[in-house]
Amino acid sequence: MKLLDRLFERSTRHVADTTSRRKLLGRIGSLMVAGAALPVLLPIDRTSKALAADKPMAGDPGDPNSCDYWRYCSVDGFLCACCGGSVTSCPPGTEASQVTWIGTCRNPADGKDYIISYNDCCGKHSCAQCACTRNDSEEPAYRPFNNNDVNWCLAAKSHIYHCTVSIIRGVAI
Ligand code: ABN
């Protein structure tokens, strides 16, 4: 009986010593890695950060009130710069949509391609100033995932479309 007890105790201790601790440490490690990765991987709203970071740049040629301005290469809508806002900020009383159209535009100053999001500003009736439909890379409406003729305010609190901002999200490589 004593022998059986000893055998059982030894094997239990072995399992406790090796498996559980390792597993626990492994789990803690995984949690720490996952915790660090979450803010990067989750679709967290970073619009305000991007808006704040997108200050006028050196080497940013062109007129933001004109459809020809380089950042507008894939825009479809009224320019917020002509509506009491700016290239990157919605006019007072409106709110940026979080779901957007994304384009890639070349900055003629440095020859680099930039990823631009075209957020619609919502909550006031249509601005109706500086209507631009450049739509580089856009495809017809029967290919909806590649079509820009969409009111992105449908995903915002107010569905009423006012104008569109163009925010640099990064360099395309
Ligand atoms: N994304 C601008 C827009 C708004 C309403 C309808 C068409 C396009």
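Every residue number used here counts from 1 along the chain in the order it is shown.
Each residue, glycine too, has its Cβ placed from N, Cα and C.
Marked as domain 'Methylamine/Aralkylamine dehydrogenase light chain C-terminal' by TrEMBL: 62-170. Mean pLDDT for the domain 'Methylamine/Aralkylamine dehydrogenase light chain C-terminal' (62-170) in this predicted model: 94.
Among the features that TrEMBL reports, disulfide bond is placed at CYS67-CYS132 (among others). Taken residue by residue with DSSP, CYS132 (disulfide bond) is part of a strand. Cβ neighbours within 10 Å of CYS132 (disulfide bond), excluding its own Cβ and spanning all shown chains: 18.
The feature disulfide bond is assigned by TrEMBL to CYS73-CYS105 (among others). Long-range Cβ neighbours of CYS105 (disulfide bond) (same chain, at least 6 residues apart, Cβ-Cβ under 8 Å): TRP70, ARG71, TYR72, CYS73, SER74, ASP113, TYR114, ILE116, ASP136.
The Cβ of ASP149 (substrate binding site) has ASP76, GLU138, ALA141 as same-chain neighbours under 8 Å, each 6 or more residues away in sequence. Classification of ASP149 (substrate binding site) by DSSP places it in coil, neither helical nor stranded. Annotation source TrEMBL lists substrate binding site at ASP76, ASN148, ASP149, VAL150.
Annotation source TrEMBL lists disulfide bond at CYS80-CYS163 (among others). Sequence-distant neighbours of CYS80 (disulfide bond) (same chain, 6+ residues apart, CB-CB distance under 8 A): SER86, VAL87, SER89, CYS90, PRO91, CYS121, CYS127, HIS162, CYS163, THR164, VAL165.
Annotation source TrEMBL lists disulfide bond at CYS82-CYS130 (among others).
According to TrEMBL, the feature disulfide bond maps to CYS83-CYS127 (among others). Within 10 Å of the C-beta of CYS127 (disulfide bond) there are 22 other C-beta atoms, taking all protein chains into account. Annotation note: CYS127 (disulfide bond) sits in a coil segment as assigned by DSSP.
With a 10 A radius on its CB, CYS121 (disulfide bond) counts 30 other CB atoms from all the protein chains. Under the heading disulfide bond, TrEMBL lists CYS90-CYS121 (among others).
According to TrEMBL, the active site, tryptophylquinone 6'-substrate hemiaminal intermediate annotation covers TRP101. Cβ neighbours within 10 Å of TRP101 (active site, tryptophylquinone 6'-substrate hemiaminal intermediate), excluding its own Cβ and spanning all shown chains: 23.
TrEMBL lists TRP101 with the feature tryptophylquinone.
As annotated by TrEMBL, active site, proton acceptor applies to ASP120. Taking the Cβ of ASP120 (active site, proton acceptor) as reference, residues of its chain lying under 8 Å away and at least six apart in sequence are, in sequence order, GLY77, ALA96, SER97, THR100, ASN151, TRP152, CYS153, ALA156, TYR161, HIS162, CYS163, THR164. A strand conformation is recorded for ASP120 (active site, proton acceptor) in the three-state DSSP classification.
According to TrEMBL, the feature disulfide bond maps to CYS122-CYS153 (among others).
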Largest tally of Cβ atoms lying within 10 Å of a Cβ, found at which of the disulfide-bonded residues CYS130, CYS163: CYS163
CYS67, CYS82, CYS122, CYS132, ASN148, VAL150 screened against TRP101 (active site, tryptophylquinone 6'-substrate hemiaminal intermediate), Cα within 10 Å - retained recorded positions: ASN148, VAL150
Rounded distance in angstrom between the Cα atoms of CYS130 (disulfide bond) and CYS122 (disulfide bond): 17
